[in-house]
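Colleague: First, the structure itself, so that you have it in front of you.
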Amino acid sequence: MRTERTSFLLALGLLVSGFCSRVHCLPENVTPEEQHKGTSVDGHSLASSNTDFALSLYKQLALKDPNKNVIFSPLSISIALAFLSLGAHDHTVTEILEGLKFNLTETPETEIHQGFQHLLQTFNQPSNQLQLSVGNAMFASEELKLLDKFRKDAEAFYASEVLSTNFKDSEAAVKLINEYVKNKTHGKIEKLFNDLDVLTNLILLNYIFFKAQWKTPFNPNHTYESEFHVSQNERVIVPMMTLYLETPYFRDEELGCTLVELTYTSNDSALFILPDEGKMQDLEAKLTPETLTRWRSSLQPRLIHRLRLPRFSISSHYQLKDILSQLGIKKIFTSDAGFSGITDDHKLAVSHVIHKAVLDVGEEGTEGAAVTAVVMATSSLLHTLTVSFNRPFLLSIFCKETQSIIFWGKVTNPKEA
């Protein structure tokens, strides 16, 4: 007998469509607040898993189109998928959380949700030095009856609000969601959806907005037009920012790359990674969480007499279904998906996972949105040092307090928005 399918969307994005089974959320006799009081969450473990997932996802995105810019928020995608797992059970929840690189024998499911709860609370603390807001929302069909437990867990762990939505009026639903996203990302992402499937029943959405000022800003008067080597055969003219400063620096001879860390007034940072010419793919293949840890511990203050960095604005729009499947998160897209912890009157499965991100880097600082370390080196004064990011490079926007990668990307052509 054929089962009618409905659609459920995770927009970070994640887009989901109909199926069922019993969903495990949290033990019935324990509230999220009681569990949060009783258990200490290992923030390092959460950060380590998020970093592992970020690099695994990046390698798949880079492999898909090696010569294109890449920008995404691994944190947004991790939060959205963890949020989804609240309503999953058995093999479905295991597949999601293991796909996010969690070891469930070492970190129980409830501790993972507590970890994300703490992360969200930390990110959303008011600050004069940093604009960082991270949040979740559910756009639920007027006919869909969400289970009380899922509603409560979603609010307690992921601070998710619920917005009743008439998906039968697709145009109005698209307008509602796009305006919500535009507002939450301060206009950086104006449109997440052009249209919606008629079977859409539920949208789980995660957004991130980040804006920070450099501790040592670039002088706009020193920005000039310069060549950027996209490839051996292609060059483009870009606005090249320049700066004289002392900042954390590391030259990795083993992997053939140069690293420069620029800090924000909030003490969060951007790490720029410049592979030697022709070494980008070799470096990408060797990226591991251990590599990032080694780099951060190796950074030393160094006087850079001339740092050259292009001013750029890049964006992305990814359909992540195939890539997540390659990372082991497959069941959520099939009729075997178990999401009866969300509702008991619809069968749900994920139909799409959508992620959109925008990142601007300029003289004053960095602005981005997504929806899914030191000892003075005495040798620094022995010779002048120039570092020119005039060829493809990697970047990581990093929150030091939570040890989280907020954005990860690759700039192959600063002229391509």
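The backbone N, Cα and C atoms fix where each Cβ goes, glycine too.
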Colleague: Among Asn29, Asn221, which is annotated N-linked glycosylation site in Swiss-Prot?
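Modeller: Checked Swiss-Prot: the N-linked glycosylation site annotation sits on Asn221.
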Colleague: Among Asn103, Asn183, Asn267, these being the glycosylation sites, pick the one whose CA is nearest to that of Asn221 (N-linked glycosylation site).
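Modeller: For Asn221 (N-linked glycosylation site), the closest Cα among Asn103, Asn183, Asn267 is found at Asn267.
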Colleague: When you measure from the Cβ of Asn267 (N-linked glycosylation site), which residues in the chain that are at least 6 apart have a Cβ under 8 Å away?
Modeller: Gln129, Lys215, Lys400
Colleague: Which three-state DSSP class does Asn267 (N-linked glycosylation site) fall into?
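Modeller: DSSP call for Asn267 (N-linked glycosylation site): coil, neither helix nor strand.
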Colleague: Applying a 10 Å Cβ distance cut-off over all chains shown, what neighbour count does Asn103 (N-linked glycosylation site) have?
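Modeller: Asn103 (N-linked glycosylation site): 11 neighbouring Cβ atoms within 10 Å.
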